[in-house]
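First the structure, in the form of structure tokens, and then the observations on it.
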Amino acid sequence: MSGMLAFEKWEGLGNDFVVLDASSEDAITPEQARALCDRHRGIGGDGVLLVIGGATPRMVVLNADGSRPEMCGNGLRCVAAFLADRTGAEGLSMVIATDAGDKPCAIERRGAGFYDVTVDMGHATMGPRLEVEAEERRHGFTTVDVGNPHAITFEPYTEGEIDRVGPTVATSPAGGINVEFCRMLGEGERTRIAVTVWERGVGRTLACGTGACAVAAAACEQGRARRGAPIEVHLPGGPLEITVDEARALRMKGPARRVFRGTWETSLDLGPGPAAPPSWDASKP
């Protein structure tokens, strides 16, 4: 592939993406996705979102490591806003196809390149308990599938423990799993949950839309939150509003914002960067 390719940088609660208007699912390679997401030598991002046009537009996600997850909630909001941004409409509804099925979206314009997006995320499926050995002890997690897999705990973990346990849990099942470390916040009119995310293929992220949905579903299942009532999931990048009904159907509401536009000269070498310097002998001048 050679030439100039237009891109836009979008973010949802700090979860940031390079968005490409693509003609096919293989418009870029995993290696190119890794290079584009490199924050020092590329554009920088948690992933690349390919938007493939059609009667039902399609979103394909590539993580920062080049892997392809089934879904990305924050990415989906960004794609919906990206498509709405082109119409100039104040409000718009559309369906976007993903590897986890078709997702209806409602988009409201809040300002130039700034939108609120509500997504019907499908249904949560509760999975078996996951037990992982790390830090010389066993750790238990509730598993939830919301189009992609999540492991959730409401047990207390320090920041250091999250950094050490998170990657072990994320790589424990075949294909990997996203990990959410949760803490119930104080009493109020709404249930509020603080969440730290360790995302497979990425690591720590400021936000995870599917993770917020999975956490809300797990909280309802464990009696920590009420079905049908809005649940505030507070991520490092900001809050998402999640609703879980009696059938475990999920609805997510949150922002998406365009950061900048640019062009990528696709013939450029986006390799891993300069080679390491040659070894030297300290005994010689």
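Each residue, glycine too, has its Cβ placed from N, Cα and C.
TrEMBL: automatically predicted annotations, no manual curation.
Now, the feature entries from TrEMBL:
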- N15, N63, G73, N74, N148, N178, E199, R200, G209, T210: substrate binding site (BINDING)
- C72: active site (ACT_SITE)
- C208: active site, proton acceptor (ACT_SITE)
- 266-285: region 'Disordered' (REGION)
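Everything TrEMBL records as a feature, shown here on the structure.
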residue : record                       : Cβ within 10 Å
N15     : substrate binding site       : 31
C72     : active site                  : 31
G73     : substrate binding site       : 31
N148    : substrate binding site       : 25
E199    : substrate binding site       : 28
C208    : active site, proton acceptor : 33
G209    : substrate binding site       : 29
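Of the chain residues outside the substrate site list N15, N63, G73, N74, N148, N178, E199, R200, G209, T210, P69, M71, C72, G75, V197, V202, T205, C208, G211 have their Cβ within 8 Å of the site's Cβ mean position. It is 7 Å from the Cα atom of C208 (active site, proton acceptor) to that of G73 (substrate binding site). Of the recorded residues, N15 (substrate binding site) and C72 (active site) place their C-alpha atoms 10 Å from one another. According to DSSP, G73 (substrate binding site) sits within a helical segment. For the pair formed by C72 (active site) and G209 (substrate binding site), distance between Cα atoms is given as 7 Å, rounded to the nearest Å. Largest Cα-Cα distance over the residues recorded as binding substrate, namely N15, N63, G73, N74, N148, N178, E199, R200, G209, T210, equals 17 Å.
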